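Colleague: So that we are looking at the same thing, I have put the structure below in structure tokens.
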Amino acid sequence: MSGIDEPLYPIAVLIDELKNEDIQLRLNSIRRLSTIARALGEERTRKELIPFLSENNDDDDEVLLAMAEELGMFIPYVGGVEHAHVLLPPLEGLCSVEETCVREKAVESLCRIGSQMKESDLVESFIPLVKRLAAGEWFTARVSSCGLFHIAYPSAPEPLKNELRTIYSQLCQDDMPMVRRAAATNLGKFAATIEQPHLKTDIMSMFETLTQDDQDSVRLLAVEDCAALGKLLEPKDCVAQILPVIVNFAQDKSWRVRYMVANQLYELCEAVGPEGTRTDLVPAYVRLLRDNEAEVRIAAAGKVTKFCRILSPEIAIQHILPCVKELSSDSSQHVRSALASVIMGMAPILGKDATIEQLLPIFLSLLKDEFPDVRLNIISKLDQVNQVIGIDLLSQSLLPAIVELAEDRHWRVRLAIIEYIPLLASQLGVGFFDDKLGALCMQWLKDKVYSIRDAAANNVKRLAEEFGPTWAMEHIIPQVLDMINDPHYLYRMTILHAISLLAPVMGSEITCSKLLPVIIAASKDRVPNIKFNVAKVLQSVIPIVEQSVVENTVRPCLVELSEDPDVDVRFFANQALQATK
């Protein structure tokens, strides 16, 4: 083959692969459409490649999905924005296929192309495409059309705008629930492009139609429209037209719709404003917190702190707090868990007195919950309460519960407590810490679960950083070093790990005088795992100690280990010896 033809050869292969029977080859070729287009040039891409792709839309879903994605980024390859309209036919075909993810990607690509097209091209090519899809025989085309109106509408002349609003209104009343769902999903985006007078009339009548739909899957999507439309309407119109809908939805016969209201409540409050929230949404929210469906209570409980932020503390204490008390002993563990994950955030909102009187008993009952996730969620947010009630009260009321949880039978709960200890230590101060929590930190180094022992070693290091080497020398180092003689080799390994973490914090002098002799002694251990961990620890202390110590103490020990019968010990010893050079 001559040199001139060579660059075109891989392109010919890619074009052939577009027609290959093997799906993987077709997929590979589609993903490299931009390479083919660059080689063909803009004109041939417009006249040959794009028509070929338009005819080729009955392929496997995976290939079509890749094609829909590629075409969205194809404007530069067809000659820029003035030729963007040539990309519409293949994407129009993809908007009607059965597979949802292909249609969604095609709509996304059409939106990307449409937002870059010139106004005249939108009127000539894009708006007719939207109208064809909206009148499509298959519901799939009508579903896709709903996602394109917000791109088409702003550029349309007035008569076309009226027509587009009428078409969208028909889609909101389509026979197929899937089409009505798509219309409900996209109503907020479409409404954002519409002029204020039409917003109050046409869009609100479409919205009303969707809110009264007999399918709960359509109504629950209309809940999201409440928040979107509320931001577009003036406050008085919002209270008059959106607020009654939200209140009705909060009592809807379908739990899915009520769940959606509970999930979206904060956004709905923002749309309605403080007055409407206080008079109408607080009672609606209280009903949701007491809903007979656990899923609705979970969604409502998860929003309790955000909702209380909008209210005055008095209203929160009067209306919301009684419900919170009930939820803390809810029959569903998932409701209690959702509450536990946010309830700590209520402390700063309610203030010190209300927190001590009302919230502390709830915290304590959740800390003793039988379900580990509930306990975990409370532990991880304790610092929010500490900021409000102060450390003295926290230590009196919550610390006994924390000590109890430190020995919890679920290792994840113990792990959460360990991770919280350095923060607790910094808040409690050194004196209090020594009395109550010091022994626990040592106890965790001998836990049956590796993750706990590993976290305990890190915890010891963080405590040494928090309280300083002098404190660590007195309270941590002696107890840690005592454990190196434990009969169980796994515990001896944990201590070696702890020593390697403590050495950088303690500094060269203490490492040489206290830690290094223990490491060297451990190199004579009978268990190979201990010996190769000694080699790793020695490698980590090389940068900390002086060169003379490396030569006189560390290196001879590593040389001895490098001649060990065990292959792993020799490997790590040699690796460490490399670091001494």
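Glycine too: its Cβ is placed from the backbone N, Cα and C atoms.
Note that the structure is predicted; figures quoted are calculated from it, not measured.
What TrEMBL records for 10-48, 164-202, 203-241, 242-280, 281-319, 320-358, 359-397, 398-436, 476-514, 515-553, 554-581 is repeat 'HEAT'.
Would you situate these features in the structure and describe their surroundings?
Modeller: Confidence across the repeat 'HEAT' (10-48), taken as the mean pLDDT and rounded to a whole number, stands at 73.
For the repeat 'HEAT' (164-202), the DSSP-based tally of helix, strand and coil residues reads 30 helix, 0 strand, 9 coil.
Note on the repeat 'HEAT' (203-241): residues 165, 168-169, 172-173, 177, 180-181, 183-185, 187-192, 194, 248-249, 252, 254, 256-257, 259-261, 264, 267-268, 270-273, 275-276 of its chain, located 6 or more positions outside it, place their CB under 8 angstroms from a CB of the stretch.
Cβ atoms under 8 Å from those of the repeat 'HEAT' (242-280) belong to residues 207, 211, 216-217, 219-220, 222-224, 226-227, 229-231, 233, 235, 287-288, 291, 293, 295-296, 299-300, 303, 306-307, 310-311, 315 of the same chain, restricted to positions at least 6 beyond its ends.
Secondary structure of the repeat 'HEAT' (281-319) per DSSP (helix as H, G, I; strand as E, B; remaining residues coil): 32 helix, 0 strand, 7 coil.
With a threshold of 8 Å between CB atoms, the same-chain residues lying at least 6 positions outside the repeat 'HEAT' (476-514) that come near it are 441-442, 445-446, 450, 453-454, 456-458, 460-461, 463-465, 469, 521-522, 525, 527, 529-530, 533-534, 536-537, 540-541, 544-546, 549.
Distant neighbours of the repeat 'HEAT' (515-553): 477, 481, 484, 489, 492-493, 496-497, 499-500, 502-504, 506-508, 560-561, 564, 566, 568-569, 571-573, 575-576, 579-580; these residues of the same chain sit at least 6 beyond its ends, with a Cβ under 8 Å from one of its Cβ atoms.
Secondary structure of the repeat 'HEAT' (554-581), assigned with DSSP and counted as helix (H, G, I), strand (E, B) and coil, comes to 22 helix, 0 strand, 6 coil.
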Colleague: What is the three-state DSSP composition of the repeat 'HEAT' (476-514), stated as helix, strand and coil residue counts?
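Modeller: Taking the repeat 'HEAT' (476-514) as a whole: 34 helix, 0 strand, 5 coil.
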Colleague: When the repeat 'HEAT' (515-553) is classified with DSSP, how many of its residues are helical, how many are strand and how many are coil?
Modeller: 29 helix, 0 strand, 10 coil
